[in-house]
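Features as listed in Swiss-Prot:
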MOD_RES   5  N6-methylated lysine
MOD_RES   10  N6-methylated lysine
MOD_RES   10  N6-acetyllysine
MOD_RES   11  phosphoserine
MOD_RES   15  N6-acetyllysine
MOD_RES   19  N6-acetyllysine
MOD_RES   19  N6-methylated lysine
MOD_RES   24  N6-acetyllysine
MOD_RES   24  N6-methylated lysine
MOD_RES   28  N6-methylated lysine
MOD_RES   29  phosphoserine
MOD_RES   37  N6-methylated lysine
REGION    1-43  region 'Disordered'
């Protein structure tokens with residue numbers, strides 16, 4: 001059989017409408033008859049990125065005040081009983097603590113990225129603290 005040369009033909013417009021399979025048609029008609037609608041889900045990572053942007057913009061404290069205050073009092077009990085704290089002292093401790101933790105997590109994230117990972121692990125925190133000189 002001899003080969004024939006194919007010539008280009010002009011398109012007649014858009015795609016022809018395709019017939020739906022029976023399963024697709026059944027699926028589309030189900031929610032209309034009172035089926036339960038699934039809640040909307042974002043793709044993995046979308047919400048995380050949104051939260052990152054939100055918390056980078058904000059300046060408010062992220063740890064709740066009363067649980068942090070209880071923790072401070074519990075730790076202080078080991079050193080001296082019946083210590084009293086000014087509210088400004090607890091606020092200063094909380095501000096310093098959150099600032100330290102945010103910086104540590106930034107360094108931890110850099111350690112994870114350096115290891116070609118996107119998930120932080122305890123070994124990343126240990127490496128970040130060791131590089132900082134906080135722990136040998």
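Cβ from N, Cα, C; glycine included.
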Would you mind reading off the Cα separation of residue 37 (N6-methylated lysine) from residue 5 (N6-methylated lysine), to the nearest angstrom?
54
Here the 10 Å Cβ neighbour count for residue 37 (N6-methylated lysine) comes out at 6
Using a 10 Å radius on the Cβ of residue 5 (N6-methylated lysine), the other Cβ atoms enclosed count 4
Is residue 5 (N6-methylated lysine) helix, strand or coil when read with DSSP?
coil
